[in-house]
Amino acid sequence: MASFVVSYHPFFSPTSRLYSPSPSLSIPSVTQCKGWGRGVLMLPLKCLSKQTPDSETESSSSSSSSSISAYSWCAGLGGLGFLETTYLTYLKLTNSDVFCPIGGGTCSDVLNSDYAAVFGVPLPLIGMAAYGLVTILGLQLAGKSVPFGIGETNGRLVLLGTTTSMSAASAYFLYILSTQFPGASCSYCLVSALLSFSLFFTSLKDFQLKDIQKTVVLQLCIASLVVATLSTSYNTLPVSTSLADIDLQPFTVEITTQSSPLALSLAKHLQSIGAKMYGAFWCSHCVEQKQMFGREAAKLLDYVECFPNGYRKGIKIDKACSAAGIEGFPTWVINGEVKELF
């Protein structure tokens, strides 16, 4: 409440209107005090608060910049994931060795195992498609131009559904890594999981609590569908239940017999024509054949170990043995002909 005092001369009528009050001022009453030839008019005025258009614009721009920032984060994180999965997809399709900065051979074992594909489709290829979709949606939502005319609201829901499925898949893969590859380290798997979880929480940050309550059922359905699909795919892997718990570390068996002149001559001949013997460290028939050659002759043989890093569930045969079409041990390749001697 504010009071304004207006002094006027007696020759002027107090009823004369000297100014027009602002529409935002309320004048409930007028009090007039008369003195010696001079009157005092007191006008109690009430100042009404009103939000200016500038403050509304600032509030709107602040909310808009927050949304754009979240979408930009999604686009950036999605781009990093797209680059990673593109690299892994290239290696998978070209059957090249993967460079593992942390974990060494165990990283390659995980990425080349049966768990690196879902219904025959390479897992990095699926990840590349998912990260690419997140990147495109993040860029489009940040620019307020959602593709296919689905609208910003539906675009946000598609983004949230995609990141939900990615985080659910990453959680399942971390479970597989810890149970099926104990002690193994896969830096690419951990980076992908970190990106997926970060994308999920970043996209979820743009939703209000009441919006999250409305979509929680949909998110649970998406996560359940992803886990069910992956479980169905991995349950069809051709792995014998009797070998499910085997974890063999590589070892060598000492050859104790002495080589005969005939065995030495045969070993030298096989070496000269480029013959190769493919085997596995646990193969008893491989050891028997080496014992037949003897200690000296066995050293001359071109022996290829098909499981140099040991054997456990999910580990694939070595690339050299796979390329030669080895199905049992021992197997000889002599002059381009595969001879299975077991």
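Here the Cβ of each residue, glycine as well, is placed from N, Cα and C on the backbone.
Summarising the annotation, TrEMBL assigns domain 'Vitamin K epoxide reductase' to 67-207. Across the domain 'Vitamin K epoxide reductase' (67-207), mean pLDDT in this model comes to 85.
Same-chain residues lying 6 or more positions outside the transmembrane segment (115-137) and placing a CB less than 8 Å from one of its CB atoms are 74-75, 77-79, 81-82, 84-86, 88-89, 91-93, 146-147, 155, 158-159, 162-163, 165-166, 173, 176, 180, 192, 195, 199, 229-230, 233-234, 237, 314. Feature annotation from TrEMBL assigns transmembrane segment to 115-137 (among others).
As annotated by TrEMBL, transmembrane segment applies to 157-175 (among others).
The transmembrane segment feature in TrEMBL is assigned to 181-204 (among others). Outside the transmembrane segment (181-204) by six or more residues, the chain places 70, 73-74, 77-78, 80-81, 84-85, 88, 98, 100-104, 106-107, 109-111, 113, 127, 131, 134, 156, 159-160, 163-164, 166-167, 169-171, 173-174, 212, 247, 312, 314 with a CB less than 8 A from a CB of the stretch.
The transmembrane segment annotation in TrEMBL covers 216-234 (among others).
Taking Cβ pairs closer than 8 Å, the transmembrane segment (216-234) reaches residues 114-115, 118-119, 157, 160-161, 164-165, 167-169, 172, 176 in its own chain, all 6 or more past its ends. Note on the domain 'Vitamin K epoxide reductase' (67-207): DSSP counts are 110 helix, 4 strand, 27 coil.
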